[in-house]
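Got a structure for you, questions after.
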């Protein structure tokens, strides 16, 4: 009983005293804070490639000789020379640019979780903001191909480090902030693609458009430092290796219930103080595989469709051009992701492996659809692509919700950061698989 009372006193000491209405206000401020963080974190990642291609194309028009690297960057843009294949193939698979955009993120997500805990969150956010702003500036003012590529890499670094940092940051808040994060990341795809296309359609140059979008990194800065209401235990500018692990509000409530019931036997074991050791991290990583593998399979199938098959799903009898068809595919996919990543409040799914299976069925079906061209209407493909986005988004938010819920609080911060590698690994493998797929179908 003494141990229970000591834990209760510690919990009450850590918990800020807030009036009821103010507590509700704080809850929604944090929800919207994570929504904006998700939107801003993925925004540069979404728009950077299309913006870089526009500027690269302008650079190429000034040169009489087009290098191989130039062709790699712009080969998949609409209007470029295509071969005589029935699929109206571009010279290079869109998987090429996917790999260029995802590999820096994958590298960060594999290595950073084992060392990033030494860096306080305030410094991480400042670094992500600086990388995102630098990416917009480098691509907008680039005078050479290599400089634009560096800008794309900076955007990838910002997005990758931001995702693993904000997911691990969520353990210092009520778990409902994951709903805001998931919805915000989904909104980034829709908002980023539509805003960029809209500004270009309004006859603004790609350079001017990117400079306008510099507001997005600063919105991330404002969301983190002025909108969020963090717990006192959040390591903002310094980090002690012996600090206590974060305890979320649900854990507090569970321990308070144990105190009221005086059930000492049901109390959880005392947490070990000090940093998480490498051996513990490896054990936690192994335990995350049932979550990470299904998420990786979902995203492998998803991006294999997006980068390996979408450009081959061309309907000659449609009133839409090939470029317009592809653009609508991508837009509907982003809409599906946004809707499903916003669904966590409505329904939760523990067994995410079902989404892996359904997404793989999607990929196999569309492979046969490309090979035999038996689909009679583009509207059927529109429905499939929207459904594909729904599957990917719901797998993402439910994976991180249940990792946060089922991981011990001592390991939760590391687990949230490490598990973010699942989707990036699946995307990278999909980009690699898109190359032989593109070559095979375009040789038919």
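Count begins at 1; order follows the chain as displayed.
Cβ coordinates are placed from backbone N, Cα and C, and glycine is handled just like the others.
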Looking at 121-139, 235-253, 254-272, I want to know which stretch TrEMBL calls transmembrane segment.
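Based on what TrEMBL states, transmembrane segment spans 121-139.
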Using TrEMBL as the reference, determine which range in 181-199, 276-294, 295-313 is annotated transmembrane segment.
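Transmembrane segment, as annotated by TrEMBL, spans 181-199.
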Which of these ranges is annotated transmembrane segment in TrEMBL: 59-77, 211-229?
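Based on what TrEMBL states, transmembrane segment spans 211-229.
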Of 32-52, 326-346, which span is tagged transmembrane segment by TrEMBL?
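The listed stretch tagged transmembrane segment in TrEMBL is 32-52.
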Short question: which residues 6 or more past the ends of the transmembrane segment (32-52) have a Cβ under 8 Å from it?
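For the transmembrane segment (32-52), the sequence-distant neighbours (Cβ-Cβ under 8 Å, at least 6 residues beyond its ends) are 73, 97, 101, 128, 132, 135-136, 139-140, 142, 148-149, 151-152, 155-156, 158-159, 162-163, 166, 170, 173, 177-178, 180-189, 191-193, 195-196, 206, 209-210, 213, 216-217, 219-220, 223-224, 227-228, 334.
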Assess whether the transmembrane segment (414-435) lies in contact with the transmembrane segment (353-372), where contact requires at least three Cβ pairs under 8 Å among residues 6 or more apart in sequence.
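These two segments do not touch.
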Against the transmembrane segment (146-169), which of these stretches has the most C-beta pairs under 8 Å: 121-139, 211-229, 353-372?
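Against the transmembrane segment (146-169), the leading stretch is 121-139.
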Short question: which residues 6 or more past the ends of the transmembrane segment (121-139) have a Cβ under 8 Å from it?
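Those are 40-41, 43-44, 48, 51-52, 55, 147-148, 150-155, 157-159, 161-162, 165, 169, 210-211, 213-214, 216-218, 220-221, 224-225, 234-237, in sequence order.
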Are there residues at least six beyond either end of the transmembrane segment (378-402) with Cβ under 8 Å to its Cβ atoms? List them, or say none.
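Residues 167, 175, 178-179, 181-182, 185-186, 291-292, 294-295, 298-299, 302, 305, 310, 313, 315, 318, 320, 325, 328-329, 332-341, 343-344, 348-350, 352, 355-356, 358-359, 362, 365-366, 369, 416, 419, 422-423.
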